[in-house]
Structure formats: structure tokens, C-alpha cells
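According to TrEMBL, the protein has these features:
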BINDING   Gly159, Glu160, Ser161, Gly162, Ala163, Gly164, Lys165, Thr166  ATP binding site
COILED    882-1096  coiled coil
COILED    1191-1225  coiled coil
COILED    1288-1322  coiled coil
DOMAIN    65-751  domain 'Myosin motor'
DOMAIN    1390-1667  domain 'Dilute'
Amino acid sequence: MALAHLPYNRVWIPDKEEVWQSAEITKNYKAGDRFLHVQLEDGTELSYPVDLAALPPLRNPDILVGENDLTALSYLHEPAVLHNLKIRFVESKLIYTYSGIILVAINPYKQLPIYGDAIIHAYSGQNMGDMDPHIFAVAEEAYKQMARNNKNQSIIVSGESGAGKTVSARYTMRYFATVSKSSGNAHVEDKVLASNPITEAVGNAKTTRNDNSSRFGKYTEISFDRGYQIIGANMRTYLLEKSRVVFQSENERNYHIFYQLCASAMQPEYAHLKLGSAEEFNYTCMGGSTVIEGVDDRANMLETQKTFSLLGLKGDFQMDVFKMLAAILHLGNVEIAAVGDERSSISMEDKHLSIFCELLEVNCDKMCRWLCHRKIVTTSETVVKPMTRAQAVNARDALAKKIYSHLFDFIVERINQALQFSGKQHTFIGVLDIYGFETFDVNSFEQFCINYANEKLQQQFNLHVFKLEQEEYMKEDIPWTLIDFYDNQPVIDLIEAKMGILELLDEECLLPHGKDENWLQKLYNNFVNKNALFEKPRMSNTSFIIQHFADKVEYKCEGFLEKNRDTVHEVLIEILKESKFHLCANFFQDSPVSASPFSSAINIKSARPVLKSPNKQLRMTVGSKFRNSLSLLMVTLNATTPHYVRCIKPNDEKLPFEFDSKRVAQQLRACGVLETIRISAQSYPSRWTYIEFFSRYSILMTQQELSINDKKQICKIVLQRLIQDHNQYQFGRTKIFFRAGQVAYLEKLRSDKLRQACILIQKRVRGWLQRRRFLSMRRAALTVQQYFRGQRTVRQAITARNLKQTWAAIIIQKYCRGYLVRRLCQLIHVAAVTIQAYTRGFLARKKYRKMREEQKAVILQKYARAWLARRRFQNIRRFVLNIQLSYRVQQLQKKIEEQSRENHGLLERLTSLASAHMNDVDTIQKLESELEKLTAQKRTYEEKGKKYKEDSEQKILKLENQNKELQEQKETLEIKLQEKTEEMKGTITKGSFKGVIVILEKNFQNQKQDYEKEIELLKGEIKILKEEKTQLQQQIQQEIIIQDGLKMEVGQLTKQKIPELQKEIELLQTQKLDVEKQAHSQKRELREKMSEVTKQLLESYDFEDVRSRLSTEDLEHLNEDGELWFAYEGLKKATRVLESHFQSQKEIYEKEIEGLNFKVEHLSQDINHLQKLFREENDINDGIRLEVSRLTSENLVIPDLKQQVAELENQKLDLENRLQEQTVKLKGNELLSTSRTTEAQNEGDIKESLKDTIQGIEGLSNGLMQDEVQDEVQSQIKQVTSRLAVENMDLEEKLDMKDRIIKKLEDQIKTLTKTIEKAEAHVPTVPKEYLGMMEYKKEDEERIIQNLILDLKPRGVVVNMIPGLPAHILFMCVRYADYLNNADMLKSFMNVTIDGIKQVVKEHSEDFEMLSFWLSNTYYFLNCLKQYSGEEEFMKYNTARQNKNCLKHFDLSEYRQILSDLAIRIYHQFIIVMENNIQHMIVPGMLEYESLQGISGLKPTGFRKRSSSIDDTDTYTMTSILQQLSYFYSTMCQNGLDSELLKQAVKQLFFLIGAVTLNSLFLRKDMCSCRKGMQIRCNISYLEEWLKDKNLQSSNAKETLEPLSQAAWLLQVKKITDDDAKEICEHCTSLSTVQIVKILNSYTPIDDFEKRVTPSFVRKVQAMLNNREDVPQLMLDTKHLFQVTFPFTPSPHALELIQVPSSFKLGFLTRV
């Protein structure tokens, strides 16, 4: 197709930095133009020189970019592949991509949440094209093909160092271990996984490209049995990089195990190894980098030891290995000194040498000597030659490499030994983790071997791809044409053929003085200018170039011979052979015996050198061993079905999600991906099924084409019309094959058609909008014009004259128009009235005639029909009226009796209330009398208080008077004293005056003291009086308080109780009046009814007499006009004559009614008497039954009592005969009174006979009591009594039969006595009262369990029966054991029941109906144990009748707990079965099926076709899911499952639907589109409608779909601006950050009109979500189970009413 006609005018042009750069053609290209005018993406224009033979590759349309499979691209070439990988890796953060049969895995250098167990389970069982590319998809495909075809499989993981080969192989093995758990308990899969950390520790190291680089090749065979479960494994290793032990480049490390050992050197168990830090040893510090960032060597050491132990390699073995490793480290630190130019020496005091010899237990002197000397053996003599220092160092390093190589092989051998298995291997899956193509600045022997291995693998890969292409073409019946593909057999021949590079190398190694230069010269001589694949560098004579399939590689010849020989001096080997350390000695034996009996399908051991005796010169070189092991590997791979994983390293700086196009392109060329693309592109790379093509390109089809029914034929017709060149496509059986570029052309046609449709729609919509806008503007303009013109006209017309003329014209018009209208109205009115008059008259006359005719007809019909009716009902009316009369009399009597009973009850209540009232009145009178007494006492106390108060006041007054008198006396005395003193002053001298003064003062003091004492006494008396006064006041107050309390009580009584009593009395009186009124009204009603009855009797009188009195002439003229009134008057007269006759007849009937009432009373007394007798009999029978039930365990057979039993049987026969005779007599009696008397006689006879039999038995027992076997006789008596009780029950049944016969006879009586017999027939018989128990025997337990649990089918039970019927029956048996107080019996029955339920659940563990049935019954059984346990919290929901049925003797709380645990187990299994039944429908129904029209999202799928797109006949739809849910719901409802449990089960199912759908959405990039979001939202609405239809909105099932609903919303919402990002963060609260980012990265447009989500928008959303705290987990846990609760729901069914259906086959159980 010419460049000018390309569907997209964009191309790829080479670029130095980005390898390829996209450009857009700005000018049409014409054939012959030397330049192509293009514009780059940055806007720069460029004239790109082109070659007609190689035009720039075309770019794919954007809709095809980012596909899961590179073969789905329309244009298949290097830039398209590189761009697709970059878009997926950088923008979508997807590291896996398919390229045909290859899985391309790009190392993200970051931990991703895509390897959890949930992801494994999501990929398990899925087809490879159904999910996004993943390493688990490749593993699942291998496992599925192994199981389907019974053929061995291989997974080849390759790539350069740092690309992630080891991690990919590890995840592959983990997948197999997870999906195929071993059947035994040996945990083989754990051991297989445990081998990885060990091999990584001893075989992996840090390089400049990778921190955990595998420095050896490994092929692990995982063995499976016939059930495809892991039973063991075997490991083969290839080409260990031994040189790393003694040399590491800068920034590299030795093997991890050395650093782990040094990091643990300070531990006490490693003290004898005498190690230090890694910096102290030459072999570990050579690269200058002893620590890896983020790696803890000490913790890894513990992990290594743990995995050793898991494989069964215990501490002794581990310590031996660590001793060998420590010895190697110490050997590297041995100092070799130069002695001149030709010699070297080692000090005997060298610490490290002595430690080395001590650890390996070898002779130190010999080792010290032979490390610096070598022995040359010739035919005549043996020469010891000293070595230079360089030679000694090489010998030391060679010894270290040899020891480590043997140790590595030994560890691998022991791992294989630990993974060996007993039995036969059925199939295996091999995982090959091998180095990819390598090219460095300096390439040596290791790179040569690696690239040689990759050449062999590439050849096998090319052949396999070619074979698959051929099979695909043949399967589709497409002509096969040979495709030219690159065959690298010439390169392989150059390396391994006869006289090839390896053979020449081995030949040079055999020469004693062989050198690298000599070998290189031989290569030059043999291959330069003779083989195009071999070249000599221009500027070097020490290297050669080989043209590999990936690139040219230059190899340095230095060291080729030494590495190929891999020799160690024989003397050193002999010294190690003599070691006392058994492990070291065994390493270097001449014929080492393998300790492993393990063998695989192809018995290949590790590439371990075998030393031969010194006299044999021919040794196996490293190259030849590698060639042999590689050829055997290729045989193994060719015998299996291979699967390819190509690991790509995106950059050398180990930056996460950074894409270096140069490095990636280099690796794509090296790993064969582009070769696969090239092979595919040569034929028909794009392949579509007919259904996919029809769904995608139906828009390009015409209506005529769509009318054809065959879709395949439609596709052919459309393609022939759209693509004229028929060589561009081929029609297969199920697919259409397209050449490169054709899908892009079809996509262009489709997008053009859609674009035209969009333009047409836009045109119409825009035209409509413009028209609407124009019309609105036009209307606005017209309105403006209208108002403007109106205003202008008004301005022009407004003058005084014009206004007057206008006003006059309007007035003239008004009157003129009014006159004309009135005139017209008058004419119309006259015409209408005239028409109405004539019309109404005509209608009235017509109606009158019709009414007159109808009236006459009605009169005639009335009399005729009346006569006919009277004639028809004459004969039956009397009988009916008699029956009605009797029935109404009976009903009235019943009402009178009920009313009298009510009156009696009311009178009793009235009397009781009256007595209570009298009692209350008495109490009130008593209280009043007490109150009067208290008031009298109060009065007496008050009088006494007043008297006492008056006395005390008088005493106080007296004392106060005395006090005043004394004071007055005191004052008079003082006055007198003063007067005397003044008188004596003048007469007495000073001396005598003093003496007199002294005497007077003493006298005065004495008197003063006397007065004071008297005053104190008076004060004391006053205090005493005051205290007495206060006491009296307190007593008075107390009495006042008591009186107040009594008054309050009296007041309360008068206010509350007495009014209440009065109200009650008034109520009773009103009730009495109401009752009396009711009685009066009932009497009135009775009278009225009696009068009505009499009237009916009068009306029922025969009027033949009246007619006989009337003349025939009157009868003839009866119907003439005017004669009916006279007939009616005559009829009145006749009725008056008959009234007297019926009055007398009425009196007769009343007398008969009184007689009947008397009979009724008499018969009711008889009935009451009979009921008493029946109750007594039932009491006797119940006592006998209880006695028999308690004595059933003591039933024994005594042959001595057979005669007595026979006599009792004869008595029984006599009784039956007598009963038969009595029943015959009763049939002859018509009256019920005689029948009841005979019945009473029969009962009396029965009682007498029973008494006689019981007396006989008692006499017999009294006689037997005297015998020696007293106990046996008593048991026999009990048996006889039980038999008699059974016979008595039979007699009762016969009596019931007799009652039924009597009732039938009574119903047949048609006279007045029928009412009495009916009344007696309706007498309620006393039914049997059951106790709600099932009587059973201990030996019947197995039959109960077998029939009620194990053999019971739910479908036959759930229909028309109460829910949980088996559970209720089981509990009734439990009640019986509890009633007998038999602990052993109860315990045995409960254990047997629980075991039976466990057994039936185990046997039907996959039967949904059975699990649902027994979950329901276990729940009901548990609720019964709670409901009837006797605990208050459960009893409060019971009825009084149910509380009587509670357990009496035992507490079954422990069994309740056991049953609760059992119910939870059943529920979990029940949920698992439901999930298994619906899980396979979820993804097809919720995601893949497209029910909405026009939202098909099919796109090119490439080599990995979707399984759902191949065959749509058996796909599941949303209807399938809803039908399955409805089936679950209906089954649970039929089995009576509790509504709460049902809601929990539905919630669990909806969670599974949402989780599985969302997980599949995360792993399917092709489903992350806007249209698919619409479909998911639609399906969720269907589920919500189902919930609403089943009334399950309260189950919270809708909330479990919230994450899925938000994901669907996220697919549909706009994802461009900052506001969009903010809205997403606010709305998607149920999704984690990882999940939101995953959906945004996976969003895939279906059409060109949709926009991709830009990485900047994703980063913006991620930044907004950084503060959110959620679990960084991508997948939802589909195995999550919500906590189940069993609510207590009491059973409404009474145990006494439950009956056992015959279908249960439980006839041996009896209801008690």
C-alpha cells in the first residue's frame, strides 16, 4: 500500500537517543521522492531521506497502542513493539506483555502488589487470554496443558543479569506449590520453595547490574502424581561461575553465603570458625562493596538455616558446610611471599593457614609446602619444582574454587535427596532459570558458554514458533507457505561441530605447553575468510568475533585454556583426600558415590567434575561437560511443551519504572522477541474470530448484509467489499487472518464512519440549536417591532378631534351592537321555548302511556307470581318455620342462660365489692373512734397543761414578789447601816471606829452570803420550773403532730379511698341497671321474636278455606279493574277470623316449649354427670399410662402368669360382647334420653368390669407377694396393668365410635326433638391431652437417626410441613429422656443425634439442598434447646403452655455450645457450596456478557484469544446469575431457614460477586473502559432490583457491592482536570489508593473518541490520596467470611400439636 494511502499519516524514524521517534507526514509522498517531509512530536519539521527499498515503518493507530499482546498490533515491527512496551510500562505501570507465545516481563525495580495468594487464585483455572498478562498465567497454562494432555511441560525463563529471572522462576514455583497442594502431610511444596533461598545463598551474588544475580543455570523439575499434586522435585545446575569465589570486579560481591556467615561471626555457635567481618577477608572485600543497601545479611543467614532445617538438613550438616566456607575464606587470606623471581614461600606461623588446616583437619606442613611447589612426574623421575608467587596464588585460588565447586554440587545433591519421593512420577514441569545473551566490554570463557547456550535455546525457540504457526494454519485450513526465518545452526556448528571452536579448545588443553595464543591462531587459520560468522578484529590479535543471532560479540582469548582445564595440582588433592574431616575427604575421592538414590525421567546430575587418577592424562574439560549437559537439556526441552518468559531490564540504574529505549531494544533483539514478531509479520499476524469481527465492524455493514442470518457469510461479503486485494486476508474455519496493516485500515474505515456519523449528528444538533436561537431572536425582534410601531402610531394619532371622534364611534357601535344582539336573542328564545313545549308534551305523553302499560303488567305479574310462589312454598314453609322456631327458642334460652350467668357474676362481684365497702366503712369507723379518743386525750392534756402553766406562773409570781421584798429589805438595811455608821462616826474614836467597822463588815458579809445563797436557791427552782415548762410544751407539740397526722390520714381516706369506693359502688349500680335493662330488652326482643314467629305461623296458614268461602264469580272477576281492593278487604276479614284460631295454637306451642325446656334442663344435668364420669375415667387412664411408661424398662415375661392373662382376655371378650349388645340397643332407640341412660349403664358396667379385673389383679399380686420371687411377680403385674390400660384405650375408642353413630342417628331425626339431640351432640368431648414428648426405647436410637436424619430427603419433607419438623421431633425425644430422668439415655441420644448430623453433612458436603435443610434443622434444634431450657431470658418469649414443656432435670448448655459450633461449620460449608456453584458465572455474567446495545468493547486480541469470544453458545449471562440466586433463595425459604441467616448468606454471596468481579477487573486491562463501566452499573442495578423483589434490602448486601459500584463510576467519570481528580478522591472511599491507581492506569479507550488517562493525572490523584490510610492491597479477599450470628427465634409451634408424618417411617415412636 503506497505511503500516500496510509490510514494514519504517521511514521517512525530512527533516533540516536530514543532509537525510534514518532513523526507526522506534512507533505504527501510520491514515488521517487528522496525526502519525506515530517514533523516531530516536539514541533520541529524535518526532511528525512528515504530509500525506496526501506520506507519508514508506519505507526499503529492509537486505539491499538497498549495492547496485551504485541501480535494484536496491525503493524508489527521493532518501533511498534518498543512503543507498546513503553506505554504499558511507563504509563499503565504494567510489567507483563504477551508477544505471541512469549511473556515479556520488564523488571519494575519496585515491589508490586500483584503476587499475593488472591492473585494466584484469580488466575487459577483461567484461560491464558482471559486475563491480563502475568507470570501466573504462563504457569497456569503449563499446569493446565500438563493435566489436559498428560505431557511434560517446561517454562524457560531467560534474560540478562538484573532482568528478574530468579524472581520470575521463584514466582512460577510458588504458583505450582499453591495450586497443587500435596495430598500427604510432608509439605513437599514448602520444601520445593525452601530450596530457592539455599541455592540463592550459595549461587547468587551482587553484580554491577543486579543485587541478586544468579551466577549459575538451574533447571528444576517439579514432579506430579496422577492427581497432579506435587510429590517431589529435582534440580540440575549448569556452569557455576567459580571465578567469583576468588575475584570480584569493582562494586561487586562474592556469593551471599560468605557475607551471611561473616555477619553471624559473633554468634557463639560460630566461634570455632574464627571469622570476622567481611572486610577482613580478601575473597569478600575485593570488590569494595560488602554491604547491599536494604539487605540484612544476618537475618538472611537465619532464613538460610531455617530453610536447611525445613529440608531436613540439620545442625551437623549445616556446621560442616559452614566449616568448608570458613576454610575457603581463611585460605584466601594466606600470605604468599616471593623469594626471588622463581620461588615463593608461606610462613609456618601464618594464622589463616593454621585455621584452614585445623578446620579441614589436614597436615599443615604439607599444605604449606605444596602451595608453593609443584610435582612433575615423568617416565623416569619425579621432579619437585618451586613456583613463583603468581603461580602459587593461582594454585591457592584454584584450590579454593575447586573446594567451593564441590561444596556447591554437594549442597544441590543433598537438596535433591531431601526432595526425593517414593513412587512413580506421572508428569513434571521444568523451570529453567538460565542466563540470557551477554555482551560486555571484556568477554571471556563464561560469556562464550552462556551465549553458546542461548544459541541452542534460540534455535529450539525458532523451531517451536515455526511449528505452532504451521499447526495454526493447518487447523484453520489455510494454505501453508514456507516462511523464511532465521536459522542459527551455522553458528552452533561453528562452536560445537567437528573441528569447531570447542574441539580446538579441548585439543589445545591436552597439550602440555598449550597456550591461549596458539589456540587463537588455530581459530584464525580455520575460520577467518572461510566462515562468515567468524571475524578477526582489526586492531587486536588476542581476540575473535562471532556473529551471534542477537549481535556480534568480541571475545578475549586470555584465560580460555585455564578456565577450560579447571585443574588443581594433584598433590593438593591428595592432601585433601587424607583429611580427617569426612566431608572434605569425600569431595576428592577418585570415584565419588552419589548419596542420592533420586532419579528423574532423564537422569542428569550437576555439572560436577570427576577427578581421575594421576596417571590418566585425559580429563573431561569444562567446555565438553557443558556441551554434554546442554545437549541433554535440549533433549529434555524438546520432549516437553515449552513456555517462554523473556525478562527485560529497563535501565542500568535500577530506577523504578524508568524506560531506557536503547537497552530495551538491545535486549529485545537478543531474546528473540523481535524474531517472533518478524515470523508472525511475514504471514498473517492479525487474527480475528468471526464473532469478534462482526461485533467490532458491524458499523461498516449495510442493512442488506445484516439481513443475512449467517454471521460468517456476512463477514466474508463485507471483507470482499472493503478490501479488494484478496491476498491481504484469508478465511479460516473459526478465524479471519489478516496481513500486516489491514486491521489498521479497517480501524480507519471504522473511525471514518463513526466520525461521519458524529459529524452528521453534530450538524443536525448544531442546526437545531441555531434554528432555535434564530426563532427566539426573530420572536424577540417582532415583539420589539410591534411595541415600537404601536408607540409610533399612538404618538401620531393622539389629537383632541381624533379622540372625540373615536369615542363617539365607540358609543354608537356599542348601542347598535347591543340592539342587534338583543333582537337576535329574543328570536332564538321564542323558537327554543316553542320547540321545548312541543317536545316535552310529546315525551310526557309517551312516558305516561309506557308507565300505564308497565303498571298493569306489574300488577298482573305480581299476583301471578305471588300465587305461584305461595303454591310452590306452601308445603315446606310450615316445616321450615317450625325448625326456625325451635332453633330460635334454643338460641334465646342459651342467651338467657348466659345472661343469667353474667348477672350472677356481676352480683357476686357486687356483693364482693359491697363486702369490701363494708370492711372499708368499718375501718373508717374504727379510725374515727380512735381519732375521737385521741382528741379527748388531747383535750385532757391541754387542760392539764393549762393548769400546770397557771400553777407555774403563780409560783413564779410568788418568787418574784419574794425577791422584790428581799431587795427592798436589803435596801432598807443598807440605808439603816449608812445612817448608823454616820451616827457612830462622830461618837467613836478612830481606833475604836476601825474595830467597829471590821465587826460591821463581817456581819454585813455574812448577811450578804446568806442572801446570795437564798437567791441561788430561788434561781435553781426557777430553772427547774422552766425545764418542766419546756417538757410540757414538747409533749403538747408531739400530741399536736400526732393529731395532725391522724387528720391527714382521715383526709386522705375521705379524699381517695372513700370516693373510689363510692365510684365503684356507683359503677356496680350502673352495671346492675345496664344488666337489668339488657335483660328487659332481651325479654322484649324475645317477645317480639315470638310475635314474629306467630305472624309467620299465621302467614303459613292454608288459605284454601278462604278461597272456598269466596264465590267462583268473585274469583273470575278478581283481576278486573276495581276488584283487587275488594279482594284485599275480604282477605283482611279472613285473617281476623284466623287470628283467634292461631291464638289458641300459640298457647299450645308455648306449653310444649315449657315442657321442652324442662327436658333440656334434665338432659343437661345428665350430660354434666356423664362428663364427670368421663373425666374420672381419663384420670384413671392417665395414671395407668404414666405408671406403664415408668415401668417399661422392667417388663419381663413370666410363663407362670399365662393362664391369668388368658382369663383376663376372656373377660375382655365378655366386655366387648356386652358393648356390642348395648350399641345394638342404642341403634333402636330414637330418643336421646334413652340412649344416654344406656350409655351410662354401659359405662357403669365397664367400670365394674375394670374394678373386678383390678381387684383380681390385686388379689393375684397379694397372693404372689408371699412367694419367693416377689420382684418378678410385681413386674408381671405391672405388665398386666399396662396391657389392661391398652385395652381400656381400645374401649375408649369404641365408645367414641358409638358416640359418632349416635350423632349420625340424631342428625337424621326431623322432628322437634332434633334440636335437643343436636344440643347434646355438640357437647364438647374431652380430647386427649398430649405432653409434647415422643416415647422411644434406647435400642430405637439408631432407627430414629437412620430414618429421621440419614435417609431423610429434603424434597419430600419441606412441602406442606412446618419448618424444622425433624428438629422438633428430635427435641420431643430429648424431652422424653429428660422426663424419665435418665442421664445415660439423654446423653446417648444427644451424641447419636450430633454424630448423625455430622455424618449426613459430611456425606452430602456438596449438596446445597441437603446442607440448607440441615442448617435450618440444626438451628431449630438449637433454638428448641434454648427455648425449653428453663432459663428466664429464653422463657419470656414462651406461652404458658410452652413453659410447661421445659426440661426438668438436666442442663444441656454444653450440648447447646456443641450444636452452635456444628451449625457454624454447616453454615461455612453451605456458603462454600453456594460460592462454588455461582463463582464460575460471575465473570462471564458481570463482565464479559454485553446486554446493553451498542457498547461492545471488543478489540484485537492477538495470539492469546479470549475464550469467551470463541464460542458464545454456553456463556453465562446476568440472567444466569439471577436465576442461580433465585434458586438459592427459594431453596432456603422452602427449608425454613431463618430470615436473619438467609440475609447473612445473601450478603456473603453479594460480597463474593462484587469481589470476584472487581478482582477480575483489576487483572483485565481490556475491561477497563467507559462502556464496560456502564455495563457493570447496569448489572449492579439488576442485583439491587433482585434484592428489592425478595425484600432483602435490610441484609446490607447492597453495601458489599459499593467497591464495584465505585469502580464502575470511576470508569465512566471524566478524568482530565484537577476538579475531576478531587471528585474521584472524594467519591471512591471504598477503594484503596492502589486500586484507584490500578484502574486509572488500566483504563483503555475502545474508540478514537475516548481519551487515555495521562500519567500526570494519575500522579495527581495519587498525591491527593497519599494521606489516606488504607491497606496497600490490590485484590479483595474472596475467601473472606463475615461473622455469622444465630439469633434466638422461639418456635411458635406447640409440641403437643406436632404430629409425625407417615413418610418419616417413625411408627415405633408414640406421642405421650
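In case you wondered, yes, glycine gets a Cβ from its N, Cα and C as well.
The Cβ centroid of Gly159, Glu160, Ser161, Gly162, Ala163, Gly164, Lys165, Thr166 marks the ATP site; residues of that chain outside this set whose Cβ lies within 8 Å of it are Asn107, Asn210, Ser213, Ser214, Gly436, Cys647, Lys649, given in sequence order. In the structure as shown, the Cβ atom of Ala163 (ATP binding site) sits within 10 Å of 26 other Cβ atoms.
Sequence-distant contacts of Glu160 (ATP binding site), defined by Cβ-Cβ distance under 8 angstroms and a gap of at least six in the same chain, are Arg209, Tyr435, Gly436, Phe437, Glu438, Cys647, Lys649, Gln667, Ala670. For the binding-site residues listed here (Gly159, Gly162, Gly164), the lowest count of other CB atoms within 10 A around the CB belongs to Gly162. With a cut-off of 8 Å between CB atoms and residues at least 6 apart in sequence, the same chain places Thr207, Arg209, Asn210, Ser213, Ser214, Tyr435, Glu438, Lys649 near Ser161 (ATP binding site), listed in sequence order. All protein chains shown were included, and the count of other CB atoms within 10 Å of the CB of Thr166 (ATP binding site) stands at 23. Averaged over the coiled coil (1288-1322), the predicted model has a pLDDT of 52.
Around the Cβ of Lys165 (ATP binding site), the number of neighbouring Cβ atoms within 10 Å comes to 28.
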